[in-house]
Amino acid sequence: MTSPPADDSAGRVVVLAVLIGASYMFPLYLTGAVGVAVRADLGLDSTAFGAAISVFFAVGAVLMPVGGRIVDRTGPGPAVRLALAGAATCLVAVAALGGSYVGLCVAMAIGGVGSAVAAPVGGMLIARGVPPGRRALAFALERSSIPAATLVAGVCVPTLAAVLPWRAVFLCAAVLVALVLLLPVPHVRRAVATSSASAPLRPLGPLLVVVGMFVLGSAAATALSTFLVGYGVFLGLSAGTAGVALAVMSAATIGVRLLSGVVDARVSARMAVGVLLFLGAAGFLLLAVPVPVAALGGALVAGAAGWGWTGTLGHAVVRAHADAPGAATALVQAGGCAGGVLGPLLMGVLVEHRSYAVAWTVLAALVAVAGVAALANRGILAPPAAVPGVDPDKDTDLTSERTSVRLSGTGNATKGAAVQDGPLTGVRVLDVSTILAGPLCCRILGDHGAEVIKVEHPEAGDGMRGHGQAKDGVPLWWKEISRNKRTLGLKLSTPDGADLLLRLVATADVMVENFRPGTLERWGLGPDRLHEVNPGLVLVRVTGFGQTGPYAGRAGFGTLAEAMSGFAHMTGEADGPPTLPAFGLADSICGMAASTAAMTALFARERNGGRGDVVDINLLEPIMAAVGPGPTVYDQLGEVGVRHGNRSTHNSPRNTYLTKDGRWVAVSSSAQSIAERVLRLVGHPEVVEQPWFATGLGRAGHADLIDECVGGWIGERTEAEVTEAFEAAGAAVAPIYSARDLVEDEHVRETGMLTSVPDDDLGPVLMQNVLWRSAGAPGRIRFTGRAPGADTDDILAELGVRAPEVARLRADRTVA
């Protein structure tokens with residue numbers, strides 16, 4: 001399912017993201033680490049070698065935005081395989097084709113293709129597979145994989161390269177990457193683009209600033225990693241010593257990235273990134289001093305600080321673009337690739353035609369400019385807006401696709417508490433239905449942990465708000481049927497409204513609707529469109545008579561289903577009219593059936609590779625199932641049931657009886673043994689001996705006699721005496737309760753069938769508890785029905801809709 005993974009699952013997601021990052025960058029940094037040998041074999045100068053390295057980044061920069069969209073649409077599985085296959089193929093290609101300069105460039109291009117999907121898939125894996133409160137550290141670990149690749153590459157120089165030709169070193173690395181390919185890919189939900197595969201990323205301005213920072217930072221870092229060993233040799237160090245220096249620098253970078261992940265929630269991202277970049281610039285200036293000790297110290301600072309901020313920035317980017325984390329990450333990483341093209345080329349040209357000192361100074365200037373951009377970026381790098389009741393250190397992220405709900409206000413049942421209760425925790429449900437059947441389905445899902453967003457017309461609202469009794473203008477039915485639901489006022493019939501719903505659908509697991517067939521299709525929101533946006537969506541369609549058939553277009557209400565199902569025909573006194581229930585029986589049965597259908601479809605999704613489904617459920621069929629096999633009896637016997645009042649057509653005693661103190665009780669005897677106990681209890685063992693008493697149908701045929709026996713005995717005793725005697729005899733009896741009786745019953749109170757829930761408007765409100773309570777994940781009522789549009793602003797903010805746009809949508813009456 002798409003609920004937040006357990007710790008072991010989240011850990012596997014992080015491990016895989018780290019291995020992907022290390023694998024796809026390893027060919028590049030391994031080439032840099034053995035660059036001295038490669039350049040000697042091919043007779044390359046610094047410019048030519050830098051140009052070959054730049055091919056890797058150039059291909060990645062061009063293809064990465066497309067790769068990000070592909071990752072968001074297809075999910076991580078195919079992308080992970082392609083990324084790792086690209087890395088392994090690149091390593092093999094360097095070994096096989098590296099005998100020529102063209103072959104080396106071709107091998108780098110192959111690695112760039114793999115990087116186009118490897119870079120965004122890491123961000124998407126963490127955004128969709130790690131709980132929000134742990135994502136900062138997860139991003140730090142994932143981004144540490146790149147310096148880890150540099151570290152391993154540095155270690156390879158004094159070890160493997162000493163005993164193996166450099167081409168054999170690449171083949172060994174290819175084997176290691178191939179082993180990573182064998183690891184299973186954890187299932188996380190696809191993060192599909194919202195309105196279309198090419199939907200624009202918003203906010204774009206601050207994101208482009210981040211891209212520019214990545215261009216400059218990557219240019220400096222890539223040049224440093226690629227040329228540090230050569231610079232060490234230039235200063236008189238051995239290639240092995242220089243390789244160790246590269247490894248130490250990479251280890252320090254890992255440490256800084258991990259530290260940034262730990263303090264991410266406590267330090268302003270803008271300040272943290274800016275300070276690290278300025279420290280990095282100072283390190284590059286120190287590198288320009290042509291003294292080994294100074295240069296090595298400068299490399300340590302330049303690498304660790306100047307490139308230790310990417311995890312913090314990656315987390316901020318995904319947080320701001322939760323609906324398309326792969327695409328957003330890809331665009332930023334494309335900037336990093338562009339920097340990867342610029343850095344080695346610029347470094348090679350400057351070293352060849354000027355000096356190392358000039359080259360390091362220019363890189364220091366680039367990093368300083370990136371630092372200025374970081375301090376000026378108050379969009380993506382600004383801390384998230386404070387939300388009442390939200391603790392930023394907890395597993396809550398209001399911009400994540402799997403939001404842990406926090407509600408403000410003084411009366412909510414669990415103010416400030418995240419949705420962490422029940423087996424459906426982490427499942428997002430869109431309740432786009434009205435009145436009873438669909439809303440009850442969603443209420444049941446919400447009671448068991450699902451996050452439910454109630455989408456209703458911004459002006460008319462859900463008709464249930466005006467249904468039933470109210471106290472001081474506060475609708476009481478609404479408080480119960482819409483509990484555990486956030487509310488969003490949204491007009492779906494407008495293009496803007498439809499677009500916003502599609503953006504919500506991209507983050508959802510289940511959507512429940514009960515429009516007349518064809519309505520969603522008319523608005524451009526039919527199943528095909530919804531599954532284009534989110535292939536894993538379970539769409540539950542509740543109607544009166546189904547999506548197809550002669551009656552599909554009819555208005556459908558529960559009363560009609562109660563009439564057509566046979567229920568009304570079978571209910572009432574024998575000489576009276578067909579009788580309808582005084583409550584929403586058909587709607588309630590359908591709502592409970594629909595919740596089962598939704599959970600069944602979610603379970604099936606886990607077994608079919610993540611494909612969603614469309615559930616067609618109508619009001620008629622569930623109540624037909626409750627009425628019983630009347631069609632089967634008619635088909636086989638030609639019999640049609642008739643009304644019998646409170647009696648059963650296939651059992652007796654089964655009726656209501658008046659006690660001496662004016663109370664009514666109900667007696668049932670579905671089992672033969674129970675019927676015998678009742679008749680012996682009431683003093684008529686001779687009736688039990690009759691041949692017809694041996695079957696339920698036989699007893700039903702003599703209901704007058706049996707009712708006279710049972711009713712006479714009960715009428716001479718009080719309700720308490722009847723109940724006590726029946727219990728002692730092991731027979732079945734129950735009082736006829738009103739709502740007051742139910743509330744006062746000791747068994748109902750002690751077993752928690754009813755519970756009191758704090759409410760902002762009414763104070764404590766008594767209502768039915770969660771429908772069933774399992775020992776491991778019992779579910780709970782977190783808050784009561786909310787006011788119209790109470791959560792509109794928060795939900796739109798989660799979708800990245802900015803305040804000016806919200807104001808326009810309100811003015812257009814699209815949202816409320």
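Each residue, glycine too, has its Cβ placed from N, Cα and C.
Annotated in TrEMBL:
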type	residues	note
COMPBIAS	391-404	compositional bias 'Basic and acidic residues'
DOMAIN	13-382	domain 'Major facilitator superfamily (MFS) profile'
REGION	386-414	region 'Disordered'
TRANSMEM	12-36	transmembrane segment
TRANSMEM	48-67	transmembrane segment
TRANSMEM	79-101	transmembrane segment
TRANSMEM	107-127	transmembrane segment
TRANSMEM	139-160	transmembrane segment
TRANSMEM	166-185	transmembrane segment
TRANSMEM	206-228	transmembrane segment
TRANSMEM	234-259	transmembrane segment
TRANSMEM	271-289	transmembrane segment
TRANSMEM	330-351	transmembrane segment
TRANSMEM	357-376	transmembrane segment
Looking at 79-101, 166-185, 271-289, 330-351, which one has the highest count of Cβ pairs under 8 angstroms to the transmembrane segment (48-67)? 330-351
Return yes if the transmembrane segment (166-185) and the transmembrane segment (234-259) have at least 3 CB pairs under 8 Å (sequence gap of 6 or more), otherwise no. no
Quick check: do the transmembrane segment (330-351) and the transmembrane segment (206-228) share at least 3 Cβ pairs under 8 Å, counting only pairs 6+ apart in sequence? yes
What else in the chain is close to the transmembrane segment (357-376), if you only count residues 6 or more beyond its ends and a Cβ gap under 8 Å? 209, 212-213, 216-217, 219-220, 223-224, 227, 270-271, 273-275, 277-278, 280-285, 287-290, 298, 302, 306, 309, 343, 346-347, 350-351
Averaged pLDDT, computed only over the residues in the domain 'Major facilitator superfamily (MFS) profile' (13-382): 75
